[in-house]
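This report concerns only the one structure given below.
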């Protein structure tokens, strides 16, 4: 029987966290928890209800009435109160404002509690900005992914084109730099590498190379 460890993968926007985490979870037959999708879902409910992204109390009130759940599949489905929001939470409107919503302490605290419940049984791969430091500080394996702004903008540009979104590469670079600033400098649970996390610079690596490196590290933890 495979030992059910918890794997935390953190890093800045477009560092490849979600793609790699999905591959690792599938290979290990673990559950993948996309915490970024949870923050995007909250941003979407603010948008849908015409609530200002800066209005922490109003968004928190909405969140208290909101059920966010995941449904496994070839592409993991995300539901908000039984509405399938898998695609809409990746819209440019949500993408450009999720860091504002994610900076609210009340929202981070509420979602961190939900994320910790998901992890109680182990056998999970969770990616985000503060998994190794705040959500799963006792995770058996912590990874911190890095990549240059140029590399991350190029990846996001290709993703957007594949989804049919028009994109401007220079604008994407600017947006990623702004998002980095918000993520690294927010007061509550900022993006930072846990002391015991293993840093992986993915700038010159393929997705499979990154996934295989993490799988190798995971196997060592599982066998210990």
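Any Cβ shown, glycine's included, is placed from N, Cα and C.
Some features that Swiss-Prot has for this protein:
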type	residues	note
BINDING	11, 12, 13, 14, 15, 16, 17, 18, 19	ATP binding site
Residue 11 (ATP binding site), number of other Cβ atoms within 10 Å: 26
Nonlocal residues around residue 13 (ATP binding site), in sequence order (Cβ under 8 Å, 6 or more apart): 152, 156, 176, 179, 180, 183
Residues close to ATP site centre defined by 11, 12, 13, 14, 15, 16, 17, 18, 19, Cβ within 8 Å: 20, 127, 145, 147, 152
